[in-house]
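What follows is one structure encoded as structure tokens, with my remarks underneath.
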Amino acid sequence: MTAPLASVDLPAPVLTASGCAAAGRELDPFLDLTELGAVVTKSIMLEPRSGRATPRMAETPSGMLNSIGLQGPGVASFLAHDLPWLRERGARAVVSVAGGSVDEYAALAERVGGEEGVTALEVNISCPNVESRGQVFACDPAAAASVLSAVRRRTPARVPVLAKLSPDVTDIVEVARACVDAGADGLSMINTLLGMVIDTDTLRPALAGVTGGLSGPAVRPVAVRCVWQVRAALPDVPILGMGGVRTGLDALQLVLAGADAVSVGTATFNDPSAPLRVQRELRQALAERGFARFTDAVGAAHHQLPRRRAEGVPA
Amino acid sequence: MSGGRPVQVRAEVLTLRPVGDYLSLTLVAPGVADDVRPGHFVALAVGGEQSSMLLRRSFSVYRATPGGRYGGTVEVVFAPHGAGTRWLAGVRPGDAVDVVGPLGRPFALPAASSGAASCLLVGGGYGAAPLVALAEQLRERRCRVDVVLGAASAGRLFGVTQVRRYASSVSVTTEDGSQGERGRVTDVLPDVMRRGGTQAVYACGPMGMLAAVTAAATRAGAVAQTAVEEAMACGIGVCMTCVLPVVGADGTTRMVRSCTEGPVFRGDRVRWADVGTVPEGTLGAPVAGGHR
């Protein structure tokens, strides 16, 4: 069940999602990482970062809010410890990078992009947890484009660069197009949605950071819609779809909407073996529906639409 | 994570029974029970496969019985207070619960080479659960074991009868005076430590209690090991929600995960007054308070 994603052929279509698998090691007891399409790492930044105060998490109906604040050890530690481990383990790494400035993204691309074992870069331009909330790159097509252009220029051509998009925009297609025009080889969507929970006992916001990113099955319809819209507008641009995938049928929805591969995120907190389980369930769901190859299902819901209309099925 | 790699199993509920104001849940969890040491915890999925409650609930293991008639069981003690624990309170024998464990770093036992140490175990409420097995293991090493258990009221005490078989002394405090001495565990600690010549203190319970126990231990020249309670989403180290500021051997404060680096920390390494914040000088913190 190979899944071509931009210029790489992933041996399987299901990946972990950034921020939900650390750098892969913690999931190793629960599943064989080499069977996944790739491990998408938690976003790496240039320097070590403490993240936000606690509480950092609030459970919501079929989801959760997080406001971790991109805690991480920094790129030097990642390259010294985490990437070599993934390489030795035989797992493919899609490295998520995040920065506070175009220069920082560019420097990260330079440090990480050429390293052995890096299958692709995912450029996190859309995390709502960073300090300068007003400066979220993914909410401004021009700012998003400047990051993607800088990263693409400094990353070896063989390594695809994916722009991770935020659903918290008026027109996600406009941002997607700006990223692709700037050199992005593909798109990851969606990141979390900005949300808030108020604790009715303390009468205060539940998170120390006040707002947080909403994820989990609650956001899945938003993810399906975003993938659908971008696939329809940019049919040739590879898409890594994510957002609320908990089962193989959830993954299939994203694939039918146009995702060339699918990441499993928050479901991993509930079930550490979820990524492989979803992959298994997806394979079965495809077989049951008569798809000979995984790629035949990608975007299939778009193809079906005109025929069903022609057959007189109401739109 | 010491004590072997954690496993994920679909466990079967063996029994659920009331213990004072709490509930004790025994699960048939082969593989999980094999490597449990005192201080380890398990993370349970709640609500069933399609539950809208996605986050796991973590509980320290009260008792683990590898092998045996049911192929390995683990027992946890909990209080139903939220939607997840209320669901757990409604399970019946034969029901399935998804279990991940054993997780975390357990209590470190005194090195065998150091001889029989004098140990004090301090538990607050059902936080006392892992201390019973710990008392047993310390006793096997011929350590002196004193125990102080405290709670708001008699119904919320746990483990008083169970620890008696392993302890040289058991002191009980309740805030309402319904059992033992009226007051808090810290009121009796100095006396107990003096009488027992305490060298090592082990504590599990609310964060405020752990801070106070650490302070009392330090004053008495003893080292405290504390099992912290922090809200966790996953329990396995990937979500980064359960962090607290801990000073490393190098003197640097880091925001560390209580699920994988803990839950047991040396009490004097935890910056108790700063829990819930990112203190100034923490590795990677731009300013006190961390990232906004």
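Note: Cβ is positioned from N, Cα and C throughout, glycine not excepted.
Annotations in TrEMBL come from automatic prediction, not curation.
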Identity of the FMN-site residue among A:S7, A:S18, A:S67, A:S77 (reference: A:K42, A:S43, A:N124, A:K164, A:I190, A:G216, A:G243, A:G244, A:G265, A:T266, source: TrEMBL): A:S18
Members of the binding-site residues set A:S43, A:S67, A:G69, A:G216, A:T266 whose C-beta sits under 8 angstroms from chain B: A:G69, A:G216, A:T266
For A:N124 (substrate binding site), the three-state class that DSSP assigns: strand
Rounded Cα-Cα span from A:T192 (substrate binding site) to A:G216 (FMN binding site), Å: 9
Between A:T192 (substrate binding site) and A:S18 (FMN binding site), the C-alpha gap once rounded to whole angstrom: 11
Integer Cα-Cα distance in angstrom, A:K42 (substrate binding site) to A:K164 (FMN binding site): 13
